[in-house]
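The structure appears below as C-alpha cells.
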Amino acid sequence: MFGYWGKILRVNLSDGTIKEETFNEEFAKKWLGTRGFGIYFLLKEMDPKIDPFSPENKLIFATGPLTGTSAPTGGRYMVITKSPLTGYIAMANSGGYFGAELKFAGWDAIIVEGKADHPVYIYINDENVEIRDASKVWGKLVSETERMLKEEVGDKHVQIASIGPAGENKVRFAAVMNNGHRAAGRGGVGAVMGSKNLKAIVVRGHKRVEVADKGKFMEVIREKIEKLRKDPVAGGGLPKYGTAVLVNIINEHGLYPTRNFQTGVFKYAYEQSGEAMAAKYLVRNKPCFACPIGCGRVNYLPSIGETEGPEYESTWALGANLGINDLASIIEANHFADEYGMDTISLGGTLATAMELYERGLIKQEDIGGENEPPFRFGNTEVLHYWIHKIAKREGFGDILAEGGYRLAEKFNGLEYFMGVKKQELPAYDPRGAEGHGLGYATNNRGGCHIKQYMISPEILGYPYKMDPHDISDEKVKMVILFQDLTAVIDAAGLCIFTTFGLGADDYTDMLNAALGWDFSTDDYLKIGERIWNAERLFNLKAGLDPLKEDTLPKRFLEEPMPEGPNKGHVVRLKEMLPRYYKLRGWTEDGRIPEEKLKELGLEEFM
C-alpha cells in the first residue's frame, strides 16, 4: 500500500500490553483514515452507552494517507473517542508536527484502552514502544511537560501530544495539545486522556511515507500549492493576519456573537482583529507541517513573553462573547488556556453562560463563593484572569464551571441561556446571519461545531460561490450535506480544512489518487465521506441521541430576532430545513438511519 503502513498500535494501559495490528487496502478504501478509522473501531469494539471516563472508552490517535507527505497541510491527525462533554462522538483535529512524526514512526493510528494505575506516558521510537512513568510531569503545564519529556528521552526532535492540568482533572472540555499551542481541542478528548492517567505520547520516527508515483504526485502538489497561493484568503488574508482576519469580516456581516449571542455586532471588533494583532503584537508566522498557508502566529506580550495565537475562535470566545475588548487580556487568557490544555471555544462559552446567568440573577454572588470572588459581568477582564486557573484546577466555583456551560445552566435553571448544541458550546458565528450554517450546527455529529460543515464559506465568503445567507432552499440544504461529506474526506485524508480556500472537491481526488495509486472518482471519495458521517450518526443514535429533541438550536436563534445590524429581524428557520435535510440524507422523518441506507453504505455489520 502507498500512503499507509497498514499498521495500528494498540496499547492497553490496564495490563501494559502493546500490540501491533494490521489492516489491508480494502479497509483503507472503505474508511480512508483519521475519523474514518476512529469511528470504525468505536462501533466495532465499544458499547456506545459506556461512561466516557470508564477504562472501556477507547482513545484513538489517527493519521490520514496524506499525513506526513508533501501534500499542502499534510500534517493533520485526529483524536477520536466518546465525548465526556456531549456523551456522543468526539473527533478533534490538530496540526503542528505530531501527526507527521507518528506517520514517520511507521504507524497509521494508536488505539489506547484501559487505565493505568499511575501517571504514564507512551514512548514510541519507530517500532519500539514503551509505557513509562510520568509522575514527574503530572501536574505540569503543557510547555513544561514538553520540555521535561524531551530532556528525559534525550531527543529534542521528538514530537509530543500531551494534556495539561485541565485534562488531568477531567475538565469536560480539556484538550490534547501538541507543539505547545496546537490543540485537538473540542469534545473533551483531553479529559478522556486524563481519565486513563495518560499524560503524553512521545514520538520519534525515521521513515518516510511512500506514494504511488512520486513524479506525478509532486506535479499535482505543485499545482495545488500554486492555487492556494493565488487565492485571496489562503494566499493573502490568512498568512498576513491569521485566522483573526475574520473578526472584521464577520462583524461587518452582522453575525459576530456578542455577550453570549445576544447580538451579532461588537463595536470594539477592530480592536481585537487580526489587523490590530499584527500591528501591535505579531513577531512572526508559524506554519504547521507542509503548510503553504502559514496562518499560525507568534505574538509577544511583556507579561508572558512569546506565545502563539489566539486564533479567530479564541479571540472571539475570550473577547466579544464575554463583552471584553482588551486584546492583551485575550492573548494572555488564550496562553493560559493552552498551557492548562483547555478548548477555548467551550471555555469562553461556559464563561459567557455564567455571565448571562449572573446578570439575570440566576447565579448569585454567594453561589460563586462570596464577595471576594470576581463577579460574572460582561466586560469584566478579571473573570478571565481568575476563573481560568480555578477551572483547570477545579477549585471552588471553578469545579462547577469545569463541567461546561450546559451542566452549569442546568444546575441554575437557565438552560435557555446556554448557547450550544448537544451540550457543546457554539463557535463564533451567529446562525441568524447564516441559516445554512445554523442547519449545520443543529445536525453536527459532535454537537456545536462550525468546522465540519463550514457554510460560512458560501454564505459569507463566497466559496465555492456566493449563496444568500437567508436562502433556505433545497440547494442550500444539499450544500450543507455536501460540505459535511467533503469535510469528512478532507479530515480522513489528513489535510486542513483551510485548503478549501483555493481547492475544490476534485483537487482532493487528484492528490489522493496520485499518492495512493487509486482510480477513484470524486463521487467515490464523497461516498466515503457519507459513510463516515452516517457511521458517526449511528454511534450517536446507539449512545442515546434523540434527533427530534437534539438536532436543534437554542431558542434564542429560533424565536428571538437579531436585534441589530445587517441581519436585524432574522431568526433561523430550522423547522423548514430539518425535514428536508433528513429526507435528502436518506433518513427517516425522525432522523434515524434506515436499514437500507446502512446497507447501501456498507454499514450492515453495525446494525
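Going from the start of the chain as shown, residues are counted 1 onward.
Note that Cβ sites are derived from N, Cα and C of the backbone, with glycine treated the same way.
Per Swiss-Prot, these features apply:
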- Arg76, Asn93, Gly95, Arg182, Ala183, Gly185, Arg186, Asp338, Asp343, Arg446, Lys452, Asp491, Leu495, Ile497: tungstopterin binding site (BINDING)
- Cys288, Cys291, Cys295, Cys496: [4Fe-4S] cluster binding site (BINDING)
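Maximum C-alpha to C-alpha distance over the listed tungstopterin-binding residues Arg76, Asn93, Gly95, Arg182, Ala183, Gly185, Arg186, Asp338, Asp343, Arg446, Lys452, Asp491, Leu495, Ile497 is 23 Å.
With a cut-off of 8 Å between CB atoms and residues at least 6 apart in sequence, the same chain places Thr73, Gly75, Arg76, Gly95, Gly96, Tyr97, Arg182, Gly296, Cys496 near Cys288 ([4Fe-4S] cluster binding site), listed in sequence order.
Neighbour counts of Cβ atoms within 10 Å were taken for the binding-site residues Ala183, Leu495, Cys496; the minimum is at Cys496. Lys452 (tungstopterin binding site) and Cys291 ([4Fe-4S] cluster binding site) have their C-alpha atoms 20 Å apart, to the nearest angstrom. Separation of the C-alpha atoms of Ala183 (tungstopterin binding site) and Cys295 ([4Fe-4S] cluster binding site): 14 Å, rounded to the nearest whole number. Counting every protein chain shown, 31 other Cβ atoms lie within 10 Å of the Cβ of Arg76 (tungstopterin binding site). Within the group of binding-site residues (Arg186, Lys452), the Cβ with the highest number of other Cβ atoms inside 10 Å belongs to Arg186. Surrounding the centroid of the Cβ atoms of Cys288, Cys291, Cys295, Cys496, where the record places [4Fe-4S] cluster, the chain contributes additional residues within 8 Å, namely Thr73, Gly75, Gly95, Pro287, Ile293, Gly294, Gly296, Phe498. Nearest neighbour of Cys291 ([4Fe-4S] cluster binding site) by Cα distance, taken over the binding-site residues Arg186, Asp343, Leu495: Leu495. Cys291 ([4Fe-4S] cluster binding site) is surrounded by 24 other CB atoms, counting those within 10 A of its CB over all protein chains shown.
According to DSSP, Arg186 (tungstopterin binding site) sits within a helical segment.
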